[in-house]
Amino acid sequence: SAPAAAVSGDAGGAAGMLLVAVASAALLALLWIRLVPWALTAPDRTGGGRTQTGLGWFGRFGASPTGAVAARSVTYWIRDPRYRATLVLIPVLPLVLLIPLVIVDVDAHVLALVPLPVMALFLGWSVHNDTAHDHTAVWLHVVSGIRGVADRIGRLVPVLAIGVPLVAIGAPLSALGFGDPSVLPSVVGVSGGVLLAGVGLSSLFSARFPYPASRPGDSPFHAPQSVSAGGSTVPTLTFLATVVLALPSVWLGWMGLVHGGAYPTWSLVVGLGIGVVTLVAGVVGGGRVFERRGPELLAFAQRH
């Protein structure tokens with residue numbers, strides 16, 4: 001590892017290993033910076049300097065309940081400072097996490113595998129209170145009688161539009177930083193699985209356990225006062241549940257690093273399998289909760 005190499009006098013080796021970890025995280029941060037504008041704004045551009053007309057995202061997603069929710073969600077992610085803050089923080093978090101890992105002597109090549117799953121974890125978790133972010137605008141969904149599943153799917157479009165390409169492009173970069181392509185299935189399994197599991201759990205929790213959030217247009221760091229414990233317990237439970245669901249894939253991936261063999265393939269299968277099942281269950285379950293608790297959600301939005 002970098003600290004061990006430095007202690008032994010191999011300054012060049014220490015610098016090289018540290019550079020591998022930092023470069024891997026920096027590449028993913030650069031990918032994020034390029035990917036987010038492409039995913040959220042590129043389809044909405046027009047050429048030749050012509051003035052854009054029409055319904056914008058609402059026209060592009062089609063005249064369906066899911067399309068309408070998706071169009072509004074994408075618009076929020078582009079314009080709302082609460083969502084933009086999330087997009088800024090997610091690529092920074094892995095860099096912060098790398099510092100203590102370097103200090104405790106984790107091998108730099110292993111560190112190259114850390115940033116992508118961390119980014120995927122926080123991206124999926126970031127929408128665990130998405131319903132509350134609507135504030136009183138949620139009444140449109142309630143009074144229109146939109147199906148809960150359509151609401152849940154539409155809200156996931158911007159997250160998956162960013163997350164899926166992030167994993168698809170970032171996984172090979174992580175394997176390249178590690179120096180062994182055999183870890184690629186494990187990286188995809190862990191990162192893709194934690195993204196899908198996080199999104200699935202968020203779909204359920206945001207409908208069942210909303211807690212007060214900053215209002216549309218407010219600073220993302222302005223948290224309203226709440227007499228309930230939901231503002232602390234719900235995000236913690238959602239985060240921990242997502243991590244627990246990712247543990248089987250992480251363990252299989254680690255066994256692949258140590259023993260090789262078929263462990264990376266199993267990490268891929270188990271990670272994506274758990275992720276897909278959680279996503280479907282979260283969307284269906286969250287949709288039913290949304291339909292059943294529609295009036296309560298509207299009353300909650302009006303109170304907060």
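Cβ atoms here come from the backbone N, Cα and C positions, even for glycine.
Annotated features in TrEMBL:
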TRANSMEM  12-33  transmembrane segment
TRANSMEM  85-104  transmembrane segment
TRANSMEM  110-127  transmembrane segment
TRANSMEM  156-178  transmembrane segment
TRANSMEM  184-205  transmembrane segment
TRANSMEM  237-257  transmembrane segment
TRANSMEM  263-284  transmembrane segment
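Proximity of distant same-chain residues to the transmembrane segment (263-284), defined by a Cβ-Cβ separation under 8 Å and at least 6 residues beyond the stretch ends, is recorded for 149, 152-153, 156, 182-186, 188-190, 192-197, 199-204, 245-246, 248-250, 252-253, 255-256. Counting only same-chain residues 6+ beyond the ends of the transmembrane segment (237-257), those with a CB under 8 A from a CB of the stretch are 110, 117, 121, 124-125, 128, 182-183, 185-187, 189-190, 193-194, 197-198, 201-202, 205, 263-264, 266-268, 270-271, 274-275, 278.
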